[in-house]
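Here is the structure we will look at, set down as structure tokens.
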Amino acid sequence: MPLSAVTRRAVDAVKAYFLRGWSRELLSFSDTSPVALRVLRLVYMLLGFAFTSSAFGFYFRDCGIIGGLFAAVGSVTSIVSLCLVAPRLMELRVLLLIAGSFFGGASLGPWVAWILGIDSGSILSALVGISLGFRCYWAASMWAKRYDLFYYSGLYLSGPVVMLWIITASVEFGGHSTLWGSQIYAAVLTFMMYVTTYSQVLVQKIIKRKDSDYVKHAITLFTDSPPVCVCFVYMLVREILRRLEAAVDGLILFVQRDNKKMI
């Protein structure tokens, strides 16, 4: 599948998952609010560490350093503690989110690899790729003064950085990371496009509702990553099956014509 088609599929996946009535306020790209920019910066920085922690957790589980039961208990404990801690204890919630990300990657990562039928290198490539994407958005938020420049800079910066990582991972890990490199790249960019969409909604929440709880917004984006990527994988598999069906029909038609000529 050419890269342009993969990109179109990524955009369609975002539209399919995130259908929202766009008002003029959501489409407004005026000068950035200092408070909103600070919250966005904290969200991106926290998510960069969270996905890196998930990658380490998955790697440790894949190497057999930690067991499945220990990872499951740690994940449940972190989630329950995160729900019980008061919102004002931001530092403790940040630590619990990073710990939960670590144990979540260790406990759920192998199951995701088994369900999708891919090897561990592909999951690790995707997790690190998303982490790099958030770091690119954080870097863009350090200098951009308008939301449109901020979003464009984040997307354009994350594209080549993630692609360079995917190429490096395919050489290092091999296996499905090499065969599905373009699909992993498109899935990561799909999620980053969703991040751009949600960021604009987040800005309106911060300005209107004074909702500056960056840990809560980071949890929302962190838990949204699997369904967005699964939506893209579903559309990709459906396209592959459609093309295989068309190829089989063409082969049957060719055989029938060849038999008629022989008769």
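Any Cβ shown, glycine's included, is placed from N, Cα and C.
Predicted automatically and left uncurated, TrEMBL annotations should be read as such.
The transmembrane segment annotation in TrEMBL covers 42-60, 66-87, 94-116, 122-140, 149-171, 183-203.
Looking at 42-60, 94-116, 122-140, 149-171, 183-203, the range that has the most CB pairs within less than 8 A of the transmembrane segment (66-87) turns out to be 94-116. For the transmembrane segment (149-171), the residues of the chain that approach it from at least six positions outside its boundaries are 32, 121, 124-125, 128-129, 132-133, 136-137, 139-141, 177-178, 181, 184-185, 188-189, 192-193, 195-196, 199-200, judged by C-beta separation under 8 angstroms. Beyond its flanks by at least six residues, the transmembrane segment (122-140) meets 41, 44-45, 47-49, 51-52, 54-55, 58-59, 62, 105, 109, 112-113, 150, 153-154, 157-158, 161-162, 165-166, 169-170, 173, 175-177, 180-181, 184-185, 187-189, 191-192, 195, 199, 225, 229 of its own chain at Cβ-Cβ distances under 8 Å.
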